[in-house]
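The block underneath contains the structure these notes are about, expressed in structure tokens.
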């Protein structure tokens, strides 16, 4: 099979389930691996904001795992972002989130797998945990098929099937609903995918064990599923009417904020540093070097952030805070995303050279964007261990899980946004920072409750809030312009 002539018509499937824990991650990742092993170029996608599953998807396919989140980015960007990721691919596999019809709390279908399937005009394959039922599976499947006629459930994969007789009973029941059974996975020891306080352990921390786990998922799906039928179902989709997202075009189309009004007698503003203007070539012909944290402690990042920074004129280089003793030479801006600094607090604290390098850059006024784990790293201490000391705040682990979507507005002008900029984000952590906000907070939260959060100091913007810059491309442009002027 060759790549689709029209990217908008790429064959595609959505792997969903009635609820979490049904096996959709195993099936989705295994299907990606099985199709890749057959020589297909597979585009991997994940519904929702989760950073960890896309790492397994990337391992299965050899391509960047990408998120499709209608809450963070808006429904209008789901199709374009999907097509951007699927360029040049033979087929796309989209792993759902939670149950098929579960979305943002109190928002109807918003951010649900069902909504994304409809936006992509993609058939859904329902993964059903059949371990404790037989004929009742027909009622369950019938309910999911009939709940929303706009959602096309094209087949079922039965998981945790006990025996040949159990399989026969299940097939007979599902046949009565008129939905084909596209796979049967027998009850077996689960593939080794260890979890901890925030879900699966990321790929970056598991090394060869993650490779083995993905291979096992692929073998299980290849043995138990009708791959030809699944590919045929994926090919039954039509073209999408939207165009693929492009980072450069997004920057051009994103409206710039107004120029500041100069004070009397002040020199006119330099047009090269107009906030929000599509990036002109810098006078010295150089791109601005932005260092981005990576490695086992900082694995949470959306690929579009790097693409937007590059389109805005940055040279993005990665570094590992666990191993590198200083920031990359010539660093002019710093991005520290999410991850698990609490797991690696001792190692991060022991790397005094890098902590000093980060602090020096931050205190120089250079732009620093830190989300969640990045916020913790910039604090004075984490669980009593010294961190970078950029923020006069202390972080500690907590038993309480903070989780959910947030509506936010920028409270203070910063390296990322002008005050009043509205964005949507999500929080996902088991830590506490005290105080929770600085004299100049980063965000004012409007939902689910009103509060201020985060820190804006010098060029630093640090917050628990994870955002998706594709929803507000001017964030990347403003950050790179700040690199140019700091």
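Using N, Cα and C of the backbone, Cβ positions are placed for all residues, glycine too.
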**Report entry** Swiss-Prot annotation of region 'Disordered' - which of the ranges 223-253, 254-284, 285-315, 316-346 it falls on
**Finding:** 254-284
Query - Other C-beta atoms that fall within 10 angstroms of the C-beta of residue 466 (site 'Increases nucleophilicity of active site Cys') - result: 22
Query raised in the report: Far apart in sequence but close in space: which same-chain residues, 6 or more away, have a Cβ under 8 Å from residue 372 (active site, nucleophile)?
Result: 300, 337, 338, 339, 427, 428, 429, 463, 464, 465, 466
Query raised in the report: Which state, by DSSP, holds residue 372 (active site, nucleophile): helix, strand or coil?
Result: coil
Query raised in the report: Looking only at the domain 'GATase cobBQ-type' (289-474), what is the mean pLDDT?
Result: 96
